[in-house]
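Chemist: I have a structure I would like to understand better, so I am pasting it below and will then ask my questions one at a time.
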Amino acid sequence: MFNMINLLDLSLEDLKKWMIENKEKEFRAKQVLDWVYKGVYNFEAMKNIPKVITNKLQENFYLSVPSVVQKYVSKDESTVKFLFKYNDGNIIESVVMKYKHGNTICVSTQVGCKMGCTFCASTIGGIVRSLSHGEILGQVLKAQEETGERISNIVMMGSGEPLDNYDNSLNFIRMVNAENGLNIGQRHITLSTCGIVPKIRQLAEENLQITLAISLHAPNDNIRRKTMPIASVYSVEELIEACNYYINKTNRRITFEYALVSNLNDKEVHAEELATLLKGMLCHVNLIPVNKIDEKDFKSSSTNRIKNFSNILLKSGIQTTIRREMGSDINAACGQLRRRYVKNNSKEV
């Protein structure tokens, strides 16, 4: 298998080229991928594909759709959390959230994470490896198979930093957006980053209409550096400049994620400072009650303080929402289930 290629890493054009190089008709490429997107991962089960082609496919490709290690469904059935295992034994998490407007999946782009944000369980233990775009796609396909429902929205907010896995993240976006793929509109895809400034500027040149979400979590450098190592590399000023560049290039509104930690970044003065920082920007602030992590000592802000923080931003003309908690009874916050599983089971490869 080590010399074989994950078929999910091939675009339609890639597979067409392979068919031609192997003396087969290029239309067979679409037929094969149609089966894959219908959830058929066994080449021999692709009924309209001749045996001679399925034999060649089996000799050259494998389909890396992860297996389900654990599956948790919240009491209200609005959230389904998966622990997926890849062929090399590595574990990642994906979460499906069901809304009235459709089903959203939160995908992981790396096994673990090296960014070191102190309120995130994904980064405990560091990074193991990045996922290929086909492996990220496999999360969506497997989730659809398990839930029996179509995924209509994607958020790249699971474990890992998407911009630290730049090429695979972009290839994944283009594959799920393709008409011959899942045909999910770019405006239904959100990429979240801790703020790698050069990559934000690079992303601005890609001619994409996705939503960019920035994990900001502080109105100034002093506070941000206490929780996010990336803040020692790029200042808040540099980050905001890159965001304005992105907005001007794409004409797309940016979302700023702000996890509220009691007595760290949740006071009125912090809200006022944040309002000043974001004044005039085409942006939206998503306030997040911080999740409890076993290994960390952070405490979420009180409901009253969160509402007060939100009101200050709203009165300053900043579009603001408070994230609805989903799946808290199944530890659906990023990285928590994987961390617990890895801790209690055999070492990852």
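We number each residue from 1, going along the chain as drawn.
The backbone N, Cα and C atoms fix where each Cβ goes, glycine too.
Residues or ranges marked as active site, proton acceptor by Swiss-Prot: Glu93. The domain 'Radical SAM core' feature in Swiss-Prot is assigned to 99-329; the stated evidence is sequence analysis. Sequence annotations record features per position, and here Swiss-Prot assigns disulfide bond to Cys106-Cys334. Sequence annotations record features per position, and here Swiss-Prot assigns [4Fe-4S] cluster binding site to Cys113, Cys117, Cys120. Taken from Swiss-Prot, the feature S-adenosyl-L-methionine binding site applies to Gly160, Glu161, Ser192, Ser215, Leu216, His217, Asn291, supported by sequence analysis. Residues or ranges marked as active site, S-methylcysteine intermediate in Swiss-Prot: Cys334.
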Chemist: Measure between the Cα atoms of every pair in Gly160, Glu161, Ser192, Ser215, Leu216, His217, Asn291, the residues the record assigns to S-adenosyl-L-methionine, and report the largest value in Å, rounded to a whole number.
Modeler: 19
Chemist: In Å, rounded, how far does the Cα of Cys120 ([4Fe-4S] cluster binding site) sit from the Cα of Gly160 (S-adenosyl-L-methionine binding site)?
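Modeler: So the alpha carbons of Cys120 ([4Fe-4S] cluster binding site) and Gly160 (S-adenosyl-L-methionine binding site) sit roughly 10 Å from each other.
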Chemist: Check the Cα distances from Cys113 ([4Fe-4S] cluster binding site) to each of the recorded positions Cys106, Gly160, Ser192, Ser215, Leu216 and keep only the ones within 10 Å.
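Modeler: Cα within 10 Å of Cys113 ([4Fe-4S] cluster binding site): Gly160.
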Chemist: Looking only at Cβ atoms, how many others are within 10 Å of the one on Ser192 (S-adenosyl-L-methionine binding site)?
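Modeler: For Ser192 (S-adenosyl-L-methionine binding site), the 10 Å Cβ neighbour count is 21.
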Chemist: Which secondary structure state does DSSP assign to Ser192 (S-adenosyl-L-methionine binding site), in the simple three-class scheme?
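Modeler: For Ser192 (S-adenosyl-L-methionine binding site) - judged by DSSP and reduced to three states - the answer is strand.
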Chemist: What does the structure give for the C-alpha distance between Asn291 (S-adenosyl-L-methionine binding site) and Glu93 (active site, proton acceptor)? Integer Å is fine.
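Modeler: Each residue's Cα considered, Asn291 (S-adenosyl-L-methionine binding site) and Glu93 (active site, proton acceptor) end up 16 Å apart.
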Chemist: Have a look around Cys117 ([4Fe-4S] cluster binding site) and count the other CB atoms within 10 A of its CB, chains all included.
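Modeler: Taking all protein chains shown, Cys117 ([4Fe-4S] cluster binding site) has 20 Cβ neighbours within 10 Å.
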Chemist: Specify the count of other C-beta atoms within 10 Å of the C-beta of Cys120 ([4Fe-4S] cluster binding site).
Modeler: 24
Chemist: Measure from the Cα of Cys106 (disulfide bond) to the Cα of every one of the binding-site residues Glu161, Ser192, Leu216, His217, then give the nearest.
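Modeler: Checked the binding-site residues Glu161, Ser192, Leu216, His217; minimum Cα distance to Cys106 (disulfide bond) goes to Ser192.
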Chemist: Do you know offhand how many angstrom separate Ser192 (S-adenosyl-L-methionine binding site) and the residue listed as 'active site, proton acceptor' by C-alpha?
Modeler: 16
Chemist: Round to a whole number and give the Cα-to-Cα distance in Å for the pair Cys117 ([4Fe-4S] cluster binding site) and Ser215 (S-adenosyl-L-methionine binding site).
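Modeler: About 10 Å separates the two Cα atoms.
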Chemist: Long-range neighbours only, meaning 6 or more apart in sequence with Cβ under 8 Å: which ones does His217 (S-adenosyl-L-methionine binding site) have?
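Modeler: Cys117, Phe119, Arg224, Thr227, Met228, Glu257, Tyr258, Ala259, Asn265 - these are the non-local Cβ neighbours of His217 (S-adenosyl-L-methionine binding site), listed in sequence order.
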